[in-house]
Amino acid sequence: MPAKVLINGYGSIGKRVADAVSMQDDMEVIGVTKTKPDFEARLAVEKGYKLFVAIPDKERVKLFEDAGIPVEGTILDVIEDVDIVVDGAPKKIGKENLENIYKPHKVKAILQGGEKAKDVEDNFNALWSYDRCYGKDYIRVVSCNTTGLCRSLYAINSVADIKKARVVLVRRAADPNDDKRGPVNAITPNPVTVPSHHGPDVVSVVPEFEGKILTSAVIVPTTLMHQHTLMVEVDGNFSRDDVLEAINKTPRIITVKADEGFTSTAKIIEYGRDLGRLRYDINELVVWEESVNVLENEIFLMQAVHQESIVIPENIDCIRAMLQMEEDNFKSIEKTNKAMGIQ
Ligand code: NAD
């Protein structure tokens, strides 16, 4: 029997997770929820998803009825029929849903990166913490930036032990559909304090990096991707080729060359469009090959993260781990990647 999955919060992350679940042969979408009867709600129904109202309230249900969008009921009408909920609600609301809905109804739940590490049992990345999250009830799939860092640090750590990592993150200001956020004409240190929260977030997945990783971040006026520059001190003897080989061997990382036209995040997104990817998603972490450099025992590289899609395959593997559907993380990764067409 395929695992029954409810997506609570059909926004940027939620709709992508719904489509990714639909692509797997061992899980199915039992329903998706919306708070408002907008075009996304209408499209969800047109795609064949059963739609439920996220807020259990008669007035809310009436809004959908008045808009002519059919709903099957509220979240409370479906919550106990599912094996797991993937929460895609905005930052901080995931925690409220955990306390008010998932825990009282004893349903396993995955929260997203906008929530706090301390509010869940553990923090998920398919390469690092699959085994730890196996069979657990409440897990957070870490943010897009943390997922990207976890993948490249995994590759580097497979070449030589990491002693110290310094990372500068250049963050996109808003998602392409977001008409409320900025800046439109500024570079904003965010957070202005150093270190930023991204280092501790990596440590929530990889506790052995405690005290070794330090990050700082700025926000810039772009919507397409985040960009990171990594400087990583390691122990051991290795060459640039060894590092590139490790990057190429690590699942869900691709390398691109500026020399071939990948001169910016804009060009990487164009590649996603040309590949015909749904919503031009690039689920892979993208490393610029020319940026990979080794100076004595220090590794440098630059990478790009498609914020809306990098965490989607992680949610799928997290479902398999929490429901104990596959013991081996690499088998789950391979299965997810194959179904989603990830390189
Ligand atoms: P979003 O605003 O695009 O979507 C959130 C959806 O949840 C909307 O459809 C909204 O109507 C719905 N919602 C509002 N209140 C709700 C409630 N009480 N219950 C259920 N649903 C509710 O947000 P998003 O960008 O998809 O972010 C969701 C989570 O994923 C956040 O924790 C965010 O930090 C995290 N995340 C976002 C990105 C990204 O770049 N967009 C990347 C990684 C992780």
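FYI, residue positions are counted from 1 along the chain as it appears here.
Glycine residues also receive a Cβ, built from the backbone N, Cα and C atoms like all the rest.
Note that TrEMBL annotation is computational and uncurated.
Values in this document were obtained by computation on a predicted structure and should not be read as measured data.
Of the residues Gln307, Gln324, Gln343, TrEMBL places Gln307 in the same NAD(+) site as Ser12, Ile13, Gly114, Arg172.
Shown in sequence order, Gly113, Val142, Thr146, Thr147, Gly148, Leu149, Leu169, His197, Asp201, Val202, Thr215 are the same-chain residues outside Ser143, Cys144, Asn145, His198, Gly199 whose Cβ sits within 8 Å of the Cβ centre of the D-glyceraldehyde 3-phosphate site.
The CA atom of Cys144 (D-glyceraldehyde 3-phosphate binding site) is located 10 Å away from the CA atom of Gly114 (NAD(+) binding site). Comment: NAD(+) site residues Ser12, Ile13, Gly114, Arg172, Gln307; largest CA to CA distance 16 Å, whole number.
Only Ser143 of the binding-site residues listed as Ser143, Arg172, His198, Gly199 bring a Cβ under 6 Å of any atom of ligand 1; the order follows the sequence.
Annotated NAD(+) site Ser12, Ile13, Gly114, Arg172, Gln307; additional same-chain residues within 8 Å of its Cβ mean position, judged by their own Cβ, are Gly113, Ser143, Cys144, Asp175, Glu308. Counting only same-chain residues six or more apart in sequence, the Cβ atoms lying under 8 angstroms from the Cβ of Ser143 (D-glyceraldehyde 3-phosphate binding site) belong to Gln112, Gly113, Gly114, His198, Asp201, Val311.
Here the CA atom of Asn145 (D-glyceraldehyde 3-phosphate binding site) lies 7 Å from the CA atom of Gln307 (NAD(+) binding site).
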